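Heads up: the structure comes next, in structure tokens.
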Amino acid sequence: MAEMKTDAATLAQEAGNFERISGDLKTQIDQVESTAGSLQGQWRGAAGTAAQAAVVRFQEAANKQKQELDEISTNIRQAGVQYSRADEEQQQALSSQMGF
């Protein structure tokens, strides 16, 4: 397995990328819901029922994906905080041992 190197700033940047993607997805969800809402009065019969069901499936899947992206972002941010804390503790321990 390849070695992974990172730092707190990189983790924060990547968390921001996931937040941006989540925000973009939310924009798409809102656009689909708006379009579906404006067309809903025109949906009739089996085709209308199928269209409504498709919108519901889309909403469920997209909302689940957004939730996953938000959780990933949170986890990355927490990892960055933990990384910084551990780095600081190691720096203090080393400084203490060396008498700095």
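Each Cβ is built from the backbone N, Cα and C atoms, and glycine gets one as well.
Within the listed segments 1-20, 21-40, 81-100, Swiss-Prot records region 'Disordered' for the stretch 81-100.
According to DSSP, the secondary structure content of the region 'Disordered' (81-100) in residues is 18 helix, 0 strand, 2 coil.
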